[in-house]
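Copied from Swiss-Prot, the annotated features are:
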type: BINDING; residues: 283-290, 365-369, 429-432; note: GTP binding site
type: COMPBIAS; residues: 14-33; note: compositional bias 'Basic and acidic residues'
type: COMPBIAS; residues: 45-56; note: compositional bias 'Basic and acidic residues'
type: COMPBIAS; residues: 71-86; note: compositional bias 'Acidic residues'
type: REGION; residues: 14-94; note: region 'Disordered'
Amino acid sequence: MALGFIKKVFSFGKDKAETEERPQEDAALERGNENASFEAALSDAEAHDAVDKDPVSELEMETAGGPAADEAVDVAPAEDDEEEDAPLLPGAELSGDMGLVPLSLLQAEAAAEEQGEPLPEPLDAGLDADAMDALLNEAEAASAVESPAIPPVLPKGFSSAREREEPVPVAPQVKLTWFQRLRAGLARTSSQLTTQISALFTKRKLDEDTLDELEDLLIQSDLGVETAMRITGALSSERYGKDVSGEDVARIMAGEITKVLKPVAKPLELDLSHKPHVILVVGVNGTGKTTTIGKLAAKLSGSGLKVMLAAGDTFRAAAIEQLKIWADRTGSEFIGTKLGADAAGLAYDAYEQARAQKSDVLIIDTAGRLQNKTELMAELEKIVRVLGKLDPDAPHTVLQTLDATTGQNAMNQVEIFRNVAGVSGLIMTKLDGTARGGILVAIAAKHKLPVYFIGVGEGVEDLEPFEAEDFAKAIAGV
């Protein structure tokens with residue numbers, strides 16, 4: 001193949017048809033002896049005399065090796081290139097001196113010519129640098145789009161995590177009204193009452209036996225003996241000897257409970273002529289004293305009053321920190337002490353600072369204590385005495401928090417704390433759980449203490465003024 005190429009280089013004037021009529025056997029023979037004949041032909045070409053001494057025609061001289069390095073070559077316009085005959089070797093005019101063309105390129109061109117297949121035109125022929133960059137960028141972009149990412153093969157002992165599924169967007173929950181949240185909190189008491197009452201009066205007329213059974217049901221629901229007797233008495237006077245439905249009982253029950261609760265549903269009065277107005281918050285462990293104080297502070301400071309919070313629960317570090325967070329959140333002043341310090345001494349310091357800073361309201365937290373712990377109840381008495389020495393009317397308000405889930409135990413708590421600390425009002429908390437809210441009716445009927453607020457959640461807006469009629473309807477399921 002190489003030998004045939006060398007012959008072509010030095011025989012440009014000969015008829016091209018002669019090379020095409022060569023037998024295929026000679027071509028195959030030449031290809032078989034390619035390695036041996038090529039080296040010999042190359043040696044002969046290198047040993048050949050200079051080009052200017054060869055007996056070649058002027059036309060061969062002009063086309064064999066290209067222009068000399070020191071001679072200018074006129075480039076014909078692009079339109080004339082199409083009319084001229086194509087050079088014998090494609091790309092020869094771009095390669096400069098034939099002696100500088102790599103041997104591999106010469107071999108490839110000669111082999112392609114022998115097989116009758118034209119070599120493809122070089123991609124960079126006639127393209128400037130910008131066009132070439134554009135082509136390369138398009139090729140890279142196409143390969144990036146078309147070639148899918150092949151995940152790596154992990155070694156033994158490893159596994160690929162599954163693709164995480166996109167979370168399904170959760171539709172925002174519709175915020176319940178206050179009455180809806182109250183009804184949900186009292187659902188336990190209400191559902192038990194309505195179910196049992198409906199079963200009691202199925203296909204029965206109202207008589208003494210059914211009245212006694214109804215009274216037992218009401219007492220078991222923590223409504224208290226007094227309230228149960230009021231309900232059965234009102235029902236007897238209206239429907240005795242007649243058929244009674246569950247709706248009739250619920251309507252009468254809601255009305256009687258409202259009558260019991262209305263006298264105690266009062267707003268919390270603040271005497272701002274006393275600066276500060278001192279509110280002492282008491283209660284057993286876990287009734288939500290600290291959270292209730294934070295909610296009260298949010299309401300008062302939101303109304304423009306200057307509030308100070310005192311961390312009187314010196315037995316729990318968490319209580320001190322929690323009250324500090326509420327103070328920061330509500331923009332209230334805060335005073336605390338070290339863990340285990342005297343709570344009465346803290347109350348004294350808190351009152352002095354509140355008076356010096358002209359605070360409108362001072363709310364003092366206290367440690368949770370069981371009503372049967374004599375020493376803790378004595379400490380509570382000491383706090384009340386110390387505040388009384390600073391101001392004969394202090395504490396001006398003593399609030400007791402009640403857990404709505406405790407049932408009858410709340411009745412005993414009110415009685416003892418009222419005797420020790422002089423409780424002046426109640427706040428019922430945790431009505432958002434499995435509440436047994438009927439006990440509030442029994443406490444109101446017995447102690448006649450004002451019920452200022454009830455809580456149905458952890459948020460500030462979940463502490464609302466007590467409304468007797470709403471509470472009664474929620475219990476009765478009306």
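Each residue, glycine too, has its Cβ placed from N, Cα and C.
A map of Swiss-Prot features onto the structure.
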residue : record           : CB count, 10 Å
G283    : GTP binding site : 28
G286    : GTP binding site : 13
K289    : GTP binding site : 26
T366    : GTP binding site : 27
R369    : GTP binding site : 21
L431    : GTP binding site : 24
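Under DSSP, K289 (GTP binding site) is assigned to a helix (H, G or I) in the three-state scheme.
L431 (GTP binding site) carries neither a helix nor a strand DSSP state and counts as coil. Under the DSSP three-state reduction, G283 (GTP binding site) is assigned to coil, being neither helix nor strand.
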